[in-house]
């Protein structure tokens, strides 16, 4: 999901923002020039910023691709400098598999996943120090976090002076030729990307083309990763429900072209040996998931009622009415099939039709929920949600951290340029060549494992819609999967973390008491699910070898809806300067703007905020805790805050 587009800069004193926020000079990086193309290079630096386990290495860096019209089959007259953060596995990295991690957006940084969900460390509330995450996904797997497409996070096209408004949550290109303006609580300065919407991928398919070229360079020429295990997996989240299927199927198609000698260019013939696609709370296809946006706020396992049955029914009628959401989605897809068959998004007529479908579906589906003032990413939380806390933004603003990373740009966890580019062509309304559910089917037929994992408190990409996707696939195992029942996910001797339907290589899991970013809410459960899938074990128990038992299927109930949940207490409010629009009250925003707010470690201490009201419920829905002995992480976990202006088209 989308976060505030804040640029992280230094704020070292309480109640002021006087320090200049530009990154320090880049020093001490290793430069590796490609043996295939003199204009391609990798720059990187080893550090222990987050992973502090003795003997476990980690590296930050960029893969630099020059402007080149031939790279992607589309006009690419801009440099691509793609950021990565690589963590070796804590156990046996030489023989461990590797997983790529991608957040969604479109335009969200994968640092969200690293620091808020499954990376080696949590950021403490001082925004300066870290705590080891014992449930890190790099315990047994090499992890590669990538900021993509171009201009996302630490990735950039050209270094550009910028200002950031904490009040309006916007980045603007700045001219500092007459001097750098003084910083204050509401206006910060830094170095970022050009902010040009055309200087990045403009749709999911073009992003797939771009990331494949990154992978060709990184896996062949990054000198610090020479494993015995060449398996590669992709795990992703949210808008990654589109990224993951599209990217993985594109990788698989390119593998086939390399094998049959359709691709013969030197430096582009590395087989990416795909093993697993994992999607967490994925927004995959509106045709399957649209109705869940009407149903979930009214009918969920927490007894929360964001609106009435009459409102729910009206939304569904709007979706199905002539010239409604479904009609416009169909028109977009037909227009794209005829007018943009190669998915370049360079046909203005098709772009306009699909952008209208994208916008209208947002309107039908999202506006009724906005009135409830509930969290998009956690329906049990208020809209101004301090959980997960966004302390990683301040952490990544430290000059010492930027220096250790070797980054020439400040951190921005959301790219306005990418968001504008994708939404301008109506990317969320479009499919790719097979459609994203078709991609999943293709991967399953190709022997790739696919796991759909959904937290049951998320609204924006909720589990009801995810379940519909899982049941709507058309592949050789469709009927066997549908006949499989739901089994308990046994996390430890005292805790059941969710329910899973699995047949062979395909699974759908509902994770209890988790919002959008499942690993941040339920780190132990998420790690068990992740490792069981990665190492070919059944998700329910982790005891059966699925590689040796391809006909394995879970047994149990047909539905999970009978398992109800208790509403958790509302989190204590925390107004965080670098997520002000998503965590602060109007009074606090006014204090930030006029400079009267008292700030300590980016947290607004005065004026203070009062705790929000609990969500509305209905007495007709029984509630019961799904199990005892919850393995939820209590602290310190770094998570996200959302924007009150979020719409369906923005995802993490």
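Just so it is clear, glycine is given a Cβ too, placed from its N, Cα and C backbone atoms.
If you look up Swiss-Prot, you'll see 238 (among others) marked as active site, on the strength of sequence analysis. Of all Cβ atoms in the shown protein chains, 31 besides its own fall within 10 Å of the Cβ of residue 238 (active site).
Look at Swiss-Prot and you will find 458 (among others) tagged as active site. Applying an 8 A CB threshold to same-chain residues 6+ apart, the list for residue 458 (active site) reads 281, 377, 378, 379, 514, 515, 516.
Reduced to three states, the DSSP call for residue 516 (active site) is coil. Here Swiss-Prot flags 516 (among others) as active site, drawing on sequence analysis.
In the structure as shown, the Cβ atom of residue 461 (substrate binding site) sits within 10 Å of 31 other Cβ atoms. Mapped onto three states, the DSSP output places residue 461 (substrate binding site) in coil. The substrate binding site annotation in Swiss-Prot covers 461, 517 and rests on similarity to another entry.
Feature annotation from Swiss-Prot assigns compositional bias 'Low complexity' to 618-628.
All protein chains included, residue 50 (disulfide bond) registers 25 other Cβ atoms within 10 Å of its own Cβ. For 50-121 (among others), the entry in Swiss-Prot reads disulfide bond.
In the three-state DSSP classification, residue 361 (disulfide bond) falls within a helix. Annotation source Swiss-Prot lists disulfide bond at 325-361 (among others), citing similarity to another entry.
The disulfide bond feature in Swiss-Prot is assigned to 332-354 (among others); the stated evidence is similarity to another entry. Note on residue 332 (disulfide bond): other Cβ atoms within 10 Å of its Cβ, all shown chains, come to 25.
According to Swiss-Prot, the feature N-linked glycosylation site maps to 77 (among others), an assignment based on sequence analysis. A 10 Å cutoff on Cβ-Cβ distances gives residue 77 (N-linked glycosylation site) a total of 9 other Cβ atoms nearby, all chains included.
Residues or ranges marked as N-linked glycosylation site by Swiss-Prot: 132 (among others). The number of other CB atoms found within 10 A of the CB of residue 132 (N-linked glycosylation site), across every protein chain shown, is 13.
What Swiss-Prot records for 161 (among others) is N-linked glycosylation site, and it gives sequence analysis as the kind of evidence. Around the Cβ of residue 161 (N-linked glycosylation site), 16 further Cβ atoms fall within 10 Å across all displayed protein chains.
For 168 (among others), the entry in Swiss-Prot reads N-linked glycosylation site, with the evidence type sequence analysis. Secondary structure from DSSP puts residue 168 (N-linked glycosylation site) in coil.
Residues or ranges marked as N-linked glycosylation site by Swiss-Prot on the basis of sequence analysis: 184 (among others). All protein chains shown were included, and the count of other CB atoms within 10 Å of the CB of residue 184 (N-linked glycosylation site) stands at 16.
Residue 202 (N-linked glycosylation site): 24 other CB atoms within 10 A of its CB, across all protein chains. Under the heading N-linked glycosylation site, Swiss-Prot lists 202 (among others).
What Swiss-Prot records for 260 (among others) is N-linked glycosylation site. Neighbour count (other Cβ atoms within 10 Å of the Cβ, all protein chains): 8 for residue 260 (N-linked glycosylation site).
Annotation comment: Swiss-Prot describes 299 (among others) as N-linked glycosylation site, evidence class sequence analysis. Taking a C-beta cut-off of under 8 Å and a sequence gap of six or more, residue 299 (N-linked glycosylation site) has these contacts in its own chain: 312.
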Go through the recorded positions 238, 461, 517 and tell me which ones have a CA within 10 A of the CA of residue 77 (N-linked glycosylation site).
none
Spatial separation of residue 361 (disulfide bond) from residue 238 (active site) - C-alpha basis, Å:
17
Find the shortest Cα-Cα separation between residue 325 (disulfide bond) and the recorded positions 50, 492, 505, and name the residue that gives it.
505
Out of 132, 202, 461, 492, the recorded positions in the record, which is closest to residue 332 (disulfide bond) when you go by Cα distance?
202
May I ask for the distance between residue 132 (N-linked glycosylation site) and residue 121 (disulfide bond), taken between their Cα atoms and rounded to an integer number of Å?
5
Taking Cα atoms as reference points, which of the recorded positions 260, 361, 461, 517, 594 is nearest to residue 121 (disulfide bond)?
517
